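Here the structure comes first, spelled out in C-alpha cells, and everything after it is commentary.
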Amino acid sequence: PKDSVSSLAFSVDGQLLATGSLDGTIQVWDMPAGSLKCTLDGPGGGIEWVRWHPREHAVLAGSEDGTVWLWNADENAYLNMFCGHASSVTCGDFTPDGKTICTGSDDASLRVWNCKTGENIHVIT
C-alpha cells in the first residue's frame, strides 16, 4: 500500500519520531504524548529514508523522485529541497555539525550539499 512505512528515525533528544511512507509523506510523532504532531509532504515519490538534524528538530528525507527535502518539524514548515540526482535518493545524512548533507543515489553518485543554502558543493561519481 502507498501509506506503508518505509523508514523511521528518532530525533536526537528522543522526543520525536519521523516515519517516511511510500506515498511521499513524513509523519512526525510526539513520543511523550503518543500522538501525531504533523504531516510533512512535498516529494513526488516514496520516501527512501529519514534523518534528523544533530542539534535541531529538522528532518531530512530522500525520495524515489530524486529529490531530498528538509523541514522544521517544530514549525511544520518546509525549509529546503535539494535537486540534482537523476534517480532515487537511497541514502543520506548530516555531518555531525549539521552544516553539510551528503546523499547517495541509484544514479551512482554522491552529492555534498550546504544544508542552509541548498547549494550542491561537490559531486562524486
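Keep in mind that glycine also has a Cβ here, set from the backbone N, Cα and C atoms.
TrEMBL has this to say about the protein:
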REPEAT    1-39  repeat 'WD'
REPEAT    40-81  repeat 'WD'
REPEAT    82-123  repeat 'WD'
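Broken down with DSSP, the repeat 'WD' (40-81) shows 0 helix, 24 strand, 18 coil. Same-chain neighbours of the repeat 'WD' (82-123): 45, 48-49, 51, 53-56, 60, 62-70, counting only residues six or more beyond its ends whose CB sits under 8 Å from a CB of the stretch. Secondary structure of the repeat 'WD' (82-123) per DSSP, as helix, strand and coil residue counts: 0 helix, 23 strand, 19 coil.
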